[in-house]
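Annotated Mg(2+) binding site per Swiss-Prot: Asp486, Asp492, in sequence order, evidence recorded as sequence analysis. Annotation comment: Swiss-Prot describes 553-612 as domain 'KH'. Annotated domain 'S1 motif' per Swiss-Prot: 622-690, in sequence order, evidence recorded as sequence analysis.
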Amino acid sequence: MNPIIKKFQYGNQTVTLETGRIARQATGAVLVSIGEVAVLCTVVGAKEASPGQDFFPLSVHYQEKAYAAGRIPGGYFKREGRPSEKETLTSRLIDRPIRPLFPEGFLNEVQVICTVVSTDKKQDPDIAAMIGTSAALAVSGIPFNGPIGAARVGYTQGEGYILNPSYKQLETSELDMVVAGTKDAVLMVESEAKELPEDIMLGAVLYGHQEMQAVIQACAELARDAGKARWDWQPVPENTELKTAIKAAFGVAIGDAYRITDKAERYNRLGELRSEAVAQFATEESGISADAVKSLFGTLEYNIVRSRIVANEPRIDGRDNKTVRPITVDVGVLPKAHGSALFTRGETQALVVATLGNARDVQIIDQLEGEKKEAFLLHYNFPPYSVGECGRMGSTGRREIGHGRLAKRGVQAVLPKAESFPYTLRVVSEITESNGSSSMASVCGSSLALMDAGVPLKAPVAGIAMGLVKEDNGFAVLTDILGDEDHLGDMDFKVAGTTSGVTALQMDIKIEGITEEIMEIALEQALAARLHILGEMNKVLSQSRTAVSENAPRFETIKIHPDKIRDIIGKGGATIRSITEETNSSIDIDDDGTVKVYADDNEALQAALNRIGAIVAEAEIGAIYEGTVVRIVDFGAFVNFLPGKDGLVHISQIADERVNNVSDYLKEGQVVKVKCLDVDQRGRIKLSIKEALAEEAGTAPAAEPVADAE
């Protein structure tokens, strides 16, 4: 066992790549370490493609093991269960930049597994996993046009760009961006920002690509020293004769079909033509398979649509390259929801609903770094009917999780701070129609639904999806792409933001050669489109409603002395339980004495506040209270006049005349009016019944000395 180790400096940290010691039966395996973070990345490739398979079966699995942080998993079974949202999102993050680098026609199954085996809880292991995947593919010998590099980029006005910031640095950073690419090209960007201008965002992409060159060089050197022989794989030769025949027979008809603006009608026509092509060419005599005909038919579609776009001809739905589809906005569409919006852009539609909950509705996430509370949830649902199909209904898929997180990133920067608006927020985007850019429709709909619910957003947010078609004779950047343009194009570029700047940016590029100029043009067009969409949204709802929805819970925050917390909670929680049950409210108390009270309506809220106020209230000298006699003694009576507070009415303070026997005047359980005369240094309270009665009657009693309590 002779492991080969490659070390290199990456920013202010040393990265170690090791192969040949662990997982030696995998096609490629690399243990990557950055500081105390270690991720084992393995790649296995099937030697042959499955018969009849017409797609590339790449699967990426990122998994975080509890032992990496010195923890034992919770739950009954005490072992890791289904992938968390973080693991799913990181799996997608690794998948996206490597998928376009496998050669065209390579259909062998490839499985990537990245296992976090150690973490210092100070930095996200995702960058280490991406670097390790690149290195494992590089040494595996599997056909792969890499290696790739990956970098996380932060930004502050004081420091500028920050390479691979820690969790602590990200707390003050205005940007959290992950960039991945090859030596010559950026392939993937995933980011969230606090309304940063386009030039800062583009600069971050270029900075990340420049810095990751150290990673790419190290992976290439590791492959040179420890790599396996590259597979002797050749793509199946294209049947040029069949391709020419299909083009001659169906080229014009396909071109006409792509001038049908209605998606369903266009798909029906293309389906008919595809079936005709299969019937004509996939015969027993020819020996040509139906899959081969369908594949070349798809290639013909691809070439026809792209050539028209580059030639600046009208797009599939008749638009030019910069026009946004017609937009329709409705808010308040669901009467009992706290906030709702129906956002329609062309044939893409999202019904988005916002719900306000109390502090106890937060999502508690168990992760390697410890327990995290998430007070803003955004869930994206993509039912099969949205594209006119029957499909599987079940657990949330990776795509839905990824689109939901992108929409969440777009909106998160404009949410109010928890201190001023301590609601838990849940937004659900139901995609009811889809023809491209449903995640960006979710951003627009989420902004509108939150404003409709009365959530005080800093500014409205809109999102737009851009596309690119690049050929040898030129390129075209497309605004507001359709589903077909996404599928047939070279880039998917999604930007969300306000009038002031970008809040989220996601980019996936399928080809090399995307220049700084192209990205700059795409960002400029996206800005113009975003401002147009915001203008359409503002015609219906330009700012948050002045108050939260009548259907939403009411809340108020009060501050009490921390010593009073135990009084509100009571013995075994009896007091707080009594308040919440009797007033139908929810109470959340922080250790610093911050009390958040939630109730379904103002009446219940006020009742709960009154109960709390009475418990924490201090006796005020000179104030008159109504109390209950709780105990009679020879020298007077003890009266409970505030929750948890009793005071002494001395025998001389019961009546104007001389009182010989207290029981002749008072009984236990009797309700009386008392006036607070004094509170001594030991907190003992002196009360008077006769002064309370005299003050209410408007006469001043004769002055008498008040005896001390014995």
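Residue numbering: from 1, along the chain as shown.
Glycine residues also receive a Cβ, built from the backbone N, Cα and C atoms like all the rest.
It should be emphasised that the depicted structure is a prediction, and the values quoted were computed from it without experimental measurement.
Mean pLDDT for the domain 'S1 motif' (622-690) in the predicted structure: 87.
Remark: Asp486 (Mg(2+) binding site) has Gly436, Ser437, Ala465, Gly467, Asp492 as non-local neighbours, by Cβ distance under 8 Å and separation of at least 6 in sequence. Taken through DSSP, the domain 'S1 motif' (622-690) splits into 8 helix, 36 strand, 25 coil. Under the DSSP three-state reduction, Asp486 (Mg(2+) binding site) is assigned to helix.
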